There are 2 protein chains.
Amino acid sequence: MSSIKILVAQGGGPTAVINQSLVGVVLEARRFAQVERVYGALHGVRGIVDEELVDLTQETLHNLEQVARTPASALGSTRDKPDLAYCQRILAVLQAHGIGHFFYIGGNDSSDTVRIVADEARKAGHPLRCVHIPKTIDNDLVGNDHTPGYPSAARFVAQAFAGANLDNAALPGVYLGVVMGRHAGFLTAAAALARRFPGDGPHLVYLPERTFSIERFLADVKATYEKHGRCVIAVSEGIHDESGATIAEKLAKSVERDAHGNVQLSGTGALADLLCDEIKDKLKIKRVRGDTFGYLQRSFLGCVSGVDQHEAREVGEKAVQYAMWGDVDGSVAIRRSGDYAIDIVLQPLEAVAGKTRTMEDELIAPAGNDVTPAFFDYLRPLLGTDMPEAGRLRAPAVAKVLKR
Amino acid sequence: MSSIKILVAQGGGPTAVINQSLVGVVLEARRFAQVERVYGALHGVRGIVDEELVDLTQETLHNLEQVARTPASALGSTRDKPDLAYCQRILAVLQAHGIGHFFYIGGNDSSDTVRIVADEARKAGHPLRCVHIPKTIDNDLVGNDHTPGYPSAARFVAQAFAGANLDNAALPGVYLGVVMGRHAGFLTAAAALARRFPGDGPHLVYLPERTFSIERFLADVKATYEKHGRCVIAVSEGIHDESGATIAEKLAKSVERDAHGNVQLSGTGALADLLCDEIKDKLKIKRVRGDTFGYLQRSFLGCVSGVDQHEAREVGEKAVQYAMWGDVDGSVAIRRSGDYAIDIVLQPLEAVAGKTRTMEDELIAPAGNDVTPAFFDYLRPLLGTDMPEAGRLRAPAVAKVLKR
């Protein structure tokens with residue numbers, strides 16, 4: 001009996017593989033004879049309440065496969081964070097269209113939306129299976145070894161720092177790269193995977209899990225610069241002082257006080273510029289450059305981890321299987337089962353909704369300016385087997401003729 | 001008779017393929033029986049005057065091949081711009097070490113150094129062959145169809161904007177990316193190659209070859225935003241007003257006047273932030289994000305054009321052949337001979353030294369905010385055959401039930 005209608009949507013910030021999960025849902029759902037229609041909502045929950053739905057049943061396999069390899073949410077996304085009333089409107093639309101299964105691909109906030117919708121459906125006696133499918137470059141969902149999207153973004157950050165390290169070795173100075181991740185430092189920490197040879201940067205890694213002291217930072221940079229004649233630094237956008245105030249806000253204070261208008265701190269190059277100014281002013285180092293990786297780290301077309309692609313597809317597929325066969329609500333999660341192997345499980349929505357995972361202590365070096373070897377063991381298999389490797393000359397020095 | 005010593009060095013900003021040219025020189029030189037030693041100078045001309053030389057004759061083929069695939073100058077680079085006295089010190093070191101052939105891989109300034117050293121050698125009666133090997137992501141060397149390093153950087157910019165366009169379509173707003181190239185807009189123009197589907201960004205492209213008007217810019221952004229509900233913009237770091245003053249300087253004026261200290265304009269996110277502020281202030285658009293591509297566009301490990309790799313290797317090889325067989329000085333250049341095919345020629349050092357090529361008029365749209373189809377024809381073959389392509393869903397809309 002062909003009678004089930006499925007709805008899938010994508011929420012929050014895009015990732016390199018969020019469309020793998022979307023296509024995983026669509027193709028797996030289409031394998032079930034009882035599935036009549038697979039709908040997609042445009043721009044997440046916003047598209048549901050606005051009834052902006054498209055019929056993914058009519059997509060060809062080959063177009064779906066190309067979409068799967070494309071970064072950023074193909075259905076569009078939203079930053080809306082639904083409250084109870086909003087969730088009730090979602091439920092009303094799902095009921096009106098006879099949707100029996102709702103899949104929402106997203107992060108913390110999205111899982112909370114799924115939880116509320118599932119609750120409301122239960123209260124209203126509407127038969128609805130609700131499954132949350134994880135994605136986030138921040139890697140901050142609890143109950144997951146890691147989240148789809150993180151490995152590809154981590155790979156971008158590692159490749160970027162590997163290149164920045166080579167550039168900095170060729171033209172020495174201080175290089176500072178600001179990486180996304182307001183509360184969790186996983187993505188910033190990925191910069192460490194750029195190292196291959198002795199002396200390679202990043203030499204310093206600052207994470208939001210530790211209190212940032214500008215004095216200690218400057219002392220670290222000074223020591224590194226004196227040792228290596230150069231310094232490459234990875235900094236999380238979320239670094240903050242002991243009171244929790246972000247360093248970007250603190251450093252911008254003086255600028256803000258003097259100038260009219262606001263100094264915007266997110267989605268801008270402000271933090272990198274302010275830290276570079278500190279290094280130039282206090283350490284008197286001339287060549288100091290700062291980059292803010294910005295949107296490139298989550299959207300760049302053509303930088304993706306094969307492991308991430310595979311797993312993102314699978315969590316989409318498993319979500320459908322749980323909903324169709326298990327007849328349960330929940331949040332799909334990745335658990336590490338071997339070195340390297342994973343299991344995909346379903347955890348209760350309450351276990352993940354609205355919670356934030358940060359980096360475990362054993363992944364952060366005691367000095368608070370680097371990661372531990374355990375972090376390398378954790379991240380390396382996620383980057384895929386085809387990470388590009390830098391080379392280095394080993395040519396011996398030629399004896400001087402003129403100078404001694 | 002084994003008696004010739006060769007010296008190779010790398011100058012200016014690193015590129016993704018500058019080590020291909022280095023390895024091209026080393027391996028081609030090692031094929032000649034009369035070549036006794038192939039030396040490399042560390043950090044360009046600085047390493048020559050300091051006698052910091054290494055013996056590349058002792059590098060293995062396989063290590064050289066890995067170095068060739070590695071971005072940024074493996075020998076190290078320098079920003080030194082030698083004057084006559086500096087060039088005479090270079091010549092003194094070359095003479096002391098019995099160097100008969102000098103190869104310098106670099107941009108405009110490097111070719112000028114080679115020209116002066118060749119002149120001085122001639123005047124001093126020292127038998128020395130001097131060959132300049134082109135490289136620059138700016139693509140601003142005259143007499144070249146394009147320069148090694150540009151295609152790979154262009155590819156990075158195109159892939160970055162393809163991703164940024166997808167991200168911006170998923171979460172609509174205004175996105176602005178600032179691209180390197182102070183005088184030549186070739187690299188910024190590469191953003192246009194990100195387009196595939198109707199409505200794809202970048203919707204606007206601003207080049208340093210045209211005078212930038214903030215009023216026209218805001219009008220363009222407004223019109224695009226009204227048409228597409230979003231807007232993706234590529235901006236060259238070198239945009240300037242009719243007087244030649246850079247827009248970064250102009251917009252920063254008010255900030256600078258109020259705050260102490262300098263607002264640094266190069267190697268920072270300042271221009272992107274200032275333009276975003278203008279858009280927010282004047283057009284009242286809320287979601288406006290700016291990225292400055294910074295060092296990523298020239299150093300990213302793992303984004304390279306196969307065409308660029310191949311050509312960069314070949315110009316290194318040809319440089320050695322010209323010097324050994326032709327016994328002439330000059331600057332190696334790439335000329336386009338077919339669609340797509342190239343010839344490699346040698347032009348006089350005077351033809352390229354100290355000159356700057358900018359984008360030809362036929363490559364820039366009359367409105368000054370985009371490129372022409374001719375630019376697509378020019379750049380597309382340089383990016384390589386394996387450019388990643390974005391996909392897009394084509395699912396038809398589902399009829400609304402609740403809202404009419």
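Note that Cβ sites are derived from N, Cα and C of the backbone, with glycine treated the same way.
For A:Asp138 (active site, proton acceptor), the count of additional Cβ atoms within 10 Å of its Cβ stands at 27 [all protein chains shown]. Positions annotated as active site, proton acceptor by TrEMBL: A:Asp138.
Residues or ranges marked as Mg(2+) binding site by TrEMBL: A:Asn108. The Cβ of A:Asn108 (Mg(2+) binding site) has 22 other Cβ atoms within 10 Å, all protein chains considered. In this structure, A:Asn108 (Mg(2+) binding site) is part of a helix by DSSP.
Mapped onto three states, the DSSP output places A:Leu296 (substrate binding site) in helix. If you look up TrEMBL, you'll see A:Thr136, A:Ile137, A:Asp138, A:Met180, A:Gly181, A:Arg182, A:Glu237, A:Tyr295, A:Leu296, A:Gln297, A:Arg298 marked as substrate binding site.
Sequence annotations record features per position, and here TrEMBL assigns domain 'Phosphofructokinase' to A:5-322.
Sequence-distant neighbours of A:Asp109 (site 'Important for catalytic activity and substrate specificity') (same chain, 6+ apart, CB under 8 A from its CB) are A:Gly11, A:Gly12, A:Lys81, A:Gly354. Feature annotation from TrEMBL assigns site 'Important for catalytic activity and substrate specificity' to A:Asp109.
Among the features that TrEMBL reports, site 'Important for catalytic activity' is placed at A:Lys135. For A:Lys135 (site 'Important for catalytic activity'), the same-chain residues that are 6 or more apart in sequence and have a Cβ closer than 8 Å to its Cβ are A:Gln10, A:Gly12, A:Thr15, A:Val17, A:Ile18, A:Ser21, A:Ile105, A:Gly106, A:Gly107, A:Thr147, A:Pro148, A:Gly149, A:Ala312.
Here A:Thr136 (substrate binding site) comes close to A:Gly12, A:Gly13, A:Thr15, A:Gly106, A:Gly107, A:Asn108, A:Thr147, A:Gly149, A:Tyr150: these same-chain residues lie at least six apart in sequence, with C-beta atoms under 8 angstroms from its C-beta. Restricting the average to the domain 'Phosphofructokinase' (A:5-322) gives a pLDDT of 94. For the pair A:Leu296 (substrate binding site) and A:Asp138 (active site, proton acceptor), the C-alpha distance works out to 14 angstrom.
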